[in-house]
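Input: a single structure, listed below in structure tokens.
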Amino acid sequence: MTRPQVLTTRAALQEALAPARRSGAKVALVPTMGALHAGHASLLREARARAGAGPVVVSVFVNPLQFAPGEDLDRYPRTLEADLEVCAAEGADLVFAPSVAEVYPGGPDPDPVTGMTTVVPGPLAERLEGRTRPTHFRGVLTVVAKLLGLVRPDVAVFGEKDYQQLVLVRRMVLDLCLGVDVVGAPTVREPDGLALSSRNRFLDAEQREAATALPRTLHAAVGEAPYGLRAALDAARAELRASPGVDLDYLEIAGPDLEPLPEDPAAGTPCRVLIAARVGSTRLIDNLPAVLGTPSERSG
Ligand code: PAF
């Protein structure tokens, strides 16, 4: 198991990538905020498979620009030594772990007069997560654009767990002609269905038990989806009502690109069921794909 090379400056990253650029080898990037778990490991495996003999680059950077004041920037786990073990086990070659000053030389706080360029996402960023986190995706897209510019990968791998993020990154790459293949990798779950997340470590035993309501709610919706949108939402809401300790933020069913669905979608419409909820002081999100049928299926 070879330890990856750890790079903390943009210059060192360019130097480490030079051989791949010269040889035309494929480069794969996995952007992360560290605190790597088995979900990230699956992203690294996907990147390893896609890069072939070329380098897999993992960025480990807790991006202040995507946290609003009062969110969990300060308590976000920082575990670089353990992250390097995961990267080594999955065959990553380079770990880019820069300081905030290296990524934001003028500081991450955009000055209203002289401030840096940031990426303004489209209106999709205002829905779902954007309702409680209105500046979040501007921060995410800005740092992802920077990382894509620094690494210039052929492929970038993101987890489907942050589904709205994945859709918005795809859209940015398309709209800004960034020329990278964006790959979404399926969510990895605990045996009881809870999606792996760096924030799960904040849950105590009782909250950890309560958090299983999120995947149960999604499965309730997916199970009733063959009988239409309304049936799917009703089943999900009934599951939530029976689940104590979960403070719902949103439960929505949207199209695969998160476009709003008509009230009565045609049978066979693919969709995504999405949920966000607070369990104690920890905010969790999850989603699952489904295919909608119509109410007539039940009698037919
Ligand atoms: O999903 C994450 O960990 C972050 O939002 C990302 C994509 C690394 C940007 O900071």
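Just so it is clear, glycine is given a Cβ too, placed from its N, Cα and C backbone atoms.
Annotation comment: TrEMBL describes His40 as active site, proton donor. Annotated ATP binding site per TrEMBL: 33-40, 159-162, Val188, 196-199, in sequence order. According to TrEMBL, the beta-alanine binding site annotation covers Gln66. If you look up TrEMBL, you'll see Gln66, Gln165 marked as (R)-pantoate binding site.
Known features from TrEMBL, placed on the structure.
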residue	record	DSSP class
Met33	ATP binding site	coil
Gly39	ATP binding site	helix
Gln66	beta-alanine binding site	helix
Glu160	ATP binding site	coil
Gln165	(R)-pantoate binding site	helix
Val188	ATP binding site	coil
Ser198	ATP binding site	helix
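Note on His40 (active site, proton donor): other Cβ atoms within 10 Å of its Cβ, all shown chains, come to 26.
Sequence-distant contacts of Glu160 (ATP binding site), defined as residues of its own chain at least six apart whose C-beta falls under 8 angstroms from its C-beta, comprise Leu166, Gly184, Ala185, Pro186, Thr187, Asn287.
Within 10 Å of Val188 (ATP binding site), counting C-alpha to C-alpha distances, fall the following of the recorded positions His40, Gln66, Gln165: His40.
Filtering Met33, Gly39, His40, Glu160, Val188 by Cβ distance to ligand 1 (under 6 A) retains the following recorded positions: Met33. Cβ neighbours of Met33 (ATP binding site) (same chain, under 8 Å, six or more residues apart in sequence): Val60, Phe61, Val62, Asn63, Tyr76, Ser198. The two recorded residues, Gln165 ((R)-pantoate binding site) and His40 (active site, proton donor), have Cα atoms 15 Å apart. For Gln66 (beta-alanine binding site), the same-chain residues lying six or more positions away in sequence with a CB closer than 8 A to its CB are Thr135, His136, Phe137, Arg138, Gly139, Val140, Val143. Around Gln165 ((R)-pantoate binding site), taking its Cβ as the centre, 22 other Cβ atoms fall within 10 Å, counting all chains.
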